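If you look up Swiss-Prot, you'll see 19-26, 84-88, 139-142 marked as GTP binding site, on the strength of sequence analysis. Look at Swiss-Prot and you will find THR26 tagged as Mg(2+) binding site. According to Swiss-Prot, the feature domain 'tr-type G' maps to 10-207. Per Swiss-Prot, the feature region 'G1' maps to 19-26; the stated evidence is similarity to another entry. What Swiss-Prot records for 63-67 is region 'G2', and it gives similarity to another entry as the kind of evidence. Residues annotated as region 'G3' in Swiss-Prot, with similarity to another entry given as evidence: 84-87. Residues annotated as region 'G4' in Swiss-Prot: 139-142.
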Amino acid sequence: MGKAKFERTKPHVNIGTIGHVDHGKTTLTAAISKVLADKYPSATNVQRDFASIDSAPEERQRGITINISHVEYETPKRHYAHVDAPGHADYIKNMITGAAQMDGAILVVAATDGPMAQTREHVLLAKQVGVPYLLVALNKSDMVDDEEILELVELEVRELLSSQDFDGDNAPVVQVSGLKALEGDEKWVEQIVKLMDAVDESIPEPVRDKDKPFLMPVEDVFTITGRGTVVTGRAERGTLAINSDVEIVGIRPTVKTTVTGIEMFHKQLDEAWAGENCGLLLRGTKREDVERGQVIVKPGSVTPHTDFEGTAYILSKEEGGRHNPFYANYRPQFYFRTTDVTGVITLPEGTEMVMPGDTTDMNVALIQPIAMEEGLGFAIREGGRTVGAGTVTKIVK
């Protein structure tokens, strides 16, 4: 028997949980999965327990979620793919790849703590990587008896959202308890239902770039014995039918190949659509021929480049950025889509240095080519932390 076909009967929306590492993102994700499985049983709504979402063995020993977990569920209105984005500062790299996959996100803030430095960092990062919409789950609300404290925390979170140009005044803020909901406490089960109603109503149905030429950044590469090499990622735009020719662009010389199979959530598809997480089986391609950071594209639609002009905002010290200025010939990493590439910065004439908190134009020469177009966003990173974010304004070479 072949794999089940993936049914596209409802709008598909990519969401996720972001926020401080100890505020209960993974517990909340498990609670959403359980509550929906109980309330709307279906083939999609299968309960995922905490351990399976928090998977990957070496991470749980230290109590830190590193990898991104994908959980699938549906409400009566929509089908959701939910990424549990890691919260620890060391793993902001994954946050960048995770947050980039969201049409909207649930910001998890513990009512017992309120917004912390990491919460701020995540909201800032969500803005930089283009998460269009945030709403708030005030988790652990069962542990706060004083209604006034809950109101103060809500106010603080709204101010934080507004400070990063999210709609802090109107974003839904729902009091939840992931733990109590998992235990089946009726009051808190209802709050999870209320949270998902808010997600249905407030995260706009994404406008997919289906008519543009196909592009999917490679996040992971693996071998399926007897079938060949599979690359996974989220299709950014376009559609791709089985047996289409594609090019693998960036980092190495461009290669042409054919897609012989497409999967999503372990189900076979005839085509991949913009906005979906999928796996592509590539004909005659070896595991070592492809790497994270490359893109799979419609032939001829995108070209690799090393030199570009860009404009970037350099984070202030308070936002977790550098403590001192940088000068011409500064060599940070430029994070494009799913990978870091070292680049050398040349500053505009008359600009001696760039201070934390400044916005600047720059010329950049990367040490490896990246599939690039004007308008493409990037993060500037050093030693694993984000120190700036910008956009390609002009391709030079």
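Positions of Cβ are set from backbone N, Cα and C atoms, glycine also.
Swiss-Prot feature annotations superimposed on the structure.
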| residue | record | DSSP class |
| --- | --- | --- |
| GLY19 | GTP binding site | strand |
| LYS25 | GTP binding site | helix |
| SER141 | GTP binding site | helix |
Inset, instruction - Would you count the other C-beta atoms found within 10 angstroms of the C-beta of LYS25 (GTP binding site) for me? - result: 28
Inset, instruction - May I ask for the distance between SER141 (GTP binding site) and THR26 (Mg(2+) binding site), taken between their Cα atoms and rounded to an integer number of Å? - result: 16
Inset, instruction - Find the average pLDDT over the region 'G3' (84-87) in the predicted model and report it. - result: 60
Inset, instruction - Measure the Cβ-based neighbour count of GLY19 (GTP binding site), defined as the other Cβ atoms within 10 Å of its Cβ. - result: 27
Legend entry - Other CB atoms, at most 10 A from the CB of ASP22 (GTP binding site): 16
Legend entry - Protein Cβ atoms within 10 Å of THR26 (Mg(2+) binding site), excluding its own: 22
Legend entry - Number of Cβ atoms other than its own within 10 Å, given for SER141 (GTP binding site): 20
Inset, instruction - Quick one: pull the CA-CA distance for GLY19 (GTP binding site) versus the residue listed as 'Mg(2+) binding site', whole Å only. - result: 10
